[in-house]
C-alpha cells in the first residue's frame, strides 16, 4: 500500500505505475515490543489449539486454564510495562505502519479488557456448580457442541466425560481481537479486529450445557445480526475509502479538514459529501450495534439470555469496553471536523438508548434479560460521555467502562450460583426471599445492583457522575437531565429486585444457592472489591483515566 | 465505461442483500444475502481503487474475502447445529425467547 502511488497525476496510469514501482515498496516496520500484549494473547491462543490437538483429554482442562491465566497475566504485565515506559502519554505513537495506535486510551482499555478476560477465565473454569455427571465435575459448557441436544451422541459424550475445553482458546482469540479493536488506527484493521473478536463469541454463545436449544438460538440470532451489521460497517468503510482515497484515520481526517495534499485523482470524490456522510453513518451503525445502542439493541436480550452465563458476563463486559474504545477513537480522531454533523445524531441515539433500556427493563421477568436491558441503558449513559468531545469526555468514558465491566462480570457470576434442578433459576419470581435463605449471595448481588443504579459509595455513582459532568460541560445539559431521569427509572427496577430478595417470603420449592469453587468466589469477590474501591476512593482511577485520555493522531 | 456505474451496481447489490436479510426466513438464505452484501462491498472497494489510482482498495478486497470465508465456517457450523436439533433452519421457528 504505497503512498508513492498517490502522486501519480493520471488515474489510469495505475497499472504501469504499480509495475515500475515494485522495487520501491518499503519493508514493513513492525514494533513488536509495543504490540506485545496482542502478540502474547494470540500466541497463547495458538498454543491452546495445540494443547487441544496433542494433549490427552484428562490433562486438557488444567493445561488450558493455566495457559489462559498465564497468558492474560503476561499480556497485562506487558501493558503495564508499556504504560510505565510512557507509551500512554509522552511516547504515544502509531505502530505497525499506521495500523495500530499505542496511546493512553488504547493501553487503558487493553488493560481493562485483559483483567476482564482474566476474571472471565475463572468463571469459565468453574466446575462445582452443576451436579456431577457420571462421577465427573462438569462446567457450564456442552459436552460436545456438535451433538444433537438430548440425542444418543450427547449422552455418550457425557458418559465419556467429554468437555469443551476449546472455550479457553476461543476466549483468548476474542480477547486478542478486542485488544486490537480500540487501538485500530485504520478502518481495515478495525474491520478485521471486529471479526476476530466476534466470530469466537458466536461460537461461545452456542455452547451452553443446559438449555442447549436456547443457546443455539441465541448464537444464530447473534451471528446473523452480527454479520449483517459488519456488512454495514464494511460498506461504510468502502464509502469512506471512496471519499478520501485512504483508510488510515489520520488520512481521512486530513481530507475532511481539507489539509491533505491535493490529489487530482480525488477531485471527483472529495467534493462528494454524500460519500462521507453515508459512509460515516454506516460505520457508526456497525459500531453502535456492537455497543448495543438503540435502535441496534434488539439482539442484546436474546443473546444475553441464551448464552452460557459465564460467556454472557464476559461478552457484556469486554465487548462493551472494546466497542466504545473503537467508537471513541473513530469520533475523536477521524471525525472531529464533522462534529456538527454527528453530534445531533448521537444525541438522538443516546437519548433513545437511555430511555428505551431503562423503561423496557422495568417489564422484564428474567434476571439475565433484566441485566441485558440494563446494559442497554448503560450504553446510553456512556454515549452521553462520548458526545462531550473533549478530554474529560474521554477520561469519564474510560473510567465508566472499567467500573461497569467489573460490576457486570460479578453480577453474572452471581446469576450462575442460583440454581434448581433445571440449571440456573433465572426467572425473577424464583429469586424471591433469596436474602433469607443465603444472605451473603443476596447481599453481594445487592451491591452490584446498587452499583448499576449508581448509588453513592459504589463505582457506578463515580462513573455516572464523571460521565454526566463531562456531558454537561460539553453543553449537553438536556442529555444529562434525561440521563438522570432514566437513572431514576432504572433505580426502580434494581431496587425492586433487592426488595424481592430481602422482603418477600422464600418459596418452599425455591432454588438453592450452589457453593462455588474458589474460582467463581474469587471472580465475585474481585467484582465487589473493585466496585467498592472505585466507589470509595475513585480519585486514583480517575487520575489514571485522565492521564490516559489523549488520543495519538 | 464510466466506473461510477460499478458503484451503482455495488449499491444495488448491497440493497438487494440487505432486503433479503430482512425478508427471507431461511437462515441459510439470510446468510447468503449477508455474503452478497460483503461482495457488494468488495465491488465498491475495487471500483474506488480504480478511481483513485491506488491499490489499497484491492488489498482490502482480499482481506474481505478471507473474513467472509472465516464467517462462512463459523456461520454454517452454527446453522447446521441448530438445523440438526430442530429439523428447521427457519429463523421464525427459533422463538424460545420471545416475551
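Placement of Cβ uses the backbone N, Cα and C atoms for every residue, glycine included.
Curation does not apply to TrEMBL; its annotations are automatic.
Not measured: the values here are computed from a predicted model.
According to TrEMBL, the feature domain 'NADH:quinone oxidoreductase/Mrp antiporter transmembrane' maps to A:184-488.
Sequence annotations record features per position, and here TrEMBL assigns transmembrane segment to A:35-54 (among others).
Taken from TrEMBL, the feature transmembrane segment covers A:61-83 (among others). Cβ atoms under 8 Å from those of the transmembrane segment (A:61-83) belong to residues 34, 36-38, 40-41, 43-45, 47-48, 51-52, 55, 102, 107, 110-111, 114-115, 117-118, 121, 125, 127, 163, 165, 168-169, 171-172, 175, 179, 548 of the same chain, restricted to positions at least 6 beyond its ends.
Sequence-distant contacts of the transmembrane segment (A:107-125) (same chain, at least 6 residues past either end, Cβ-Cβ under 8 Å): 37, 41, 61, 65, 68-69, 72-73, 75-76, 79-80, 82-83, 87-88, 139-141, 167-168, 171-172, 175, 178-179, 182-183, 309-311, 313-314, 317-318, 321-322, 325, 398, 401-402, 405-406, 409, 412-413, 416, 519-520, 522-523, 526-527, 544-545, 548. Annotation source TrEMBL lists transmembrane segment at A:107-125 (among others).
If you look up TrEMBL, you'll see A:167-184 (among others) marked as transmembrane segment. Panel annotation: around the transmembrane segment (A:167-184), residues 37-38, 41-42, 44-46, 48-49, 52, 64-65, 67-68, 71-72, 75, 99-102, 105-106, 109-110, 113-114, 117, 120-121, 124-125, 141, 190, 192-201, 203-204, 207, 311, 314, 318-319, 321-326, 328-329 of the same chain, lying at least six beyond its termini, place a Cβ under 8 Å from a Cβ of the stretch.
The annotation transmembrane segment is assigned in TrEMBL to A:190-208 (among others). Sequence-distant neighbours of the transmembrane segment (A:190-208) (same chain, 6+ residues past either end, Cβ-Cβ under 8 Å): 140-142, 145, 164, 167, 170-171, 173-178, 180-181, 184, 214-216, 218-219, 222-223, 226, 230, 233-234, 237, 286, 290, 303, 306-308, 311, 314-315, 319, 322, 326, 330.
Annotation source TrEMBL lists transmembrane segment at A:220-243 (among others). Residues 187-188, 190-191, 194-195, 198, 201-202, 205, 252, 255, 269-270, 272, 275-276, 278-287, 289-290, 296, 298-299, 302-303, 306-307 of the same chain sit 6 or more residues outside the transmembrane segment (A:220-243) yet have a Cβ under 8 Å from a Cβ within it.
Here the transmembrane segment (A:274-299) has Cβ contacts under 8 Å with residues 187, 194, 198, 221-222, 225-226, 229-230, 232-240, 242-244, 256, 319-320, 322-324, 326-327, 330, 335, 338, 341-342, 345, 349-350, 352-353, 356-357, 375-376, 379-380, 382-383 of the same chain, all six or more residues outside its ends. Residues annotated as transmembrane segment in TrEMBL: A:274-299 (among others).
If you look at the transmembrane segment (A:311-332), the same-chain residues 6 or more away from its ends with a CB under 8 A from one of its CBs are 101, 105-106, 109, 112-113, 116-117, 120, 123-124, 167, 171, 174-175, 177-179, 181-185, 190, 193-194, 197, 201, 204-205, 207, 249, 283-284, 287-288, 290-292, 303-305, 339, 342, 346, 368, 371-372, 375, 378-379, 382, 386, 389, 394, 397, 401-402, 404-406, 408-409, 411-413, 551. Positions annotated as transmembrane segment by TrEMBL: A:311-332 (among others).
Taken from TrEMBL, the feature transmembrane segment applies to A:370-389 (among others).
According to TrEMBL, the transmembrane segment annotation covers A:395-418 (among others).
According to TrEMBL, the feature transmembrane segment maps to A:479-503 (among others).
Among the features that TrEMBL reports, transmembrane segment is placed at A:523-542 (among others). Sequence-distant contacts of the transmembrane segment (A:523-542) (same chain, at least 6 residues past either end, Cβ-Cβ under 8 Å): 119-120, 122-123, 395, 399, 402-403, 406-407, 409-411, 413-414, 444, 447-448, 451, 456-463, 466, 516.
Counting residues 6+ beyond its ends, the transmembrane segment (A:479-503) has Cβ neighbours under 8 Å at 347, 350-351, 354-355, 357-359, 361-362, 364, 367, 370, 374, 377, 380-381, 384, 387, 428, 431-436, 442, 445-446, 449-450, 452-455, 464, 467-468, 471-472 in the same chain.
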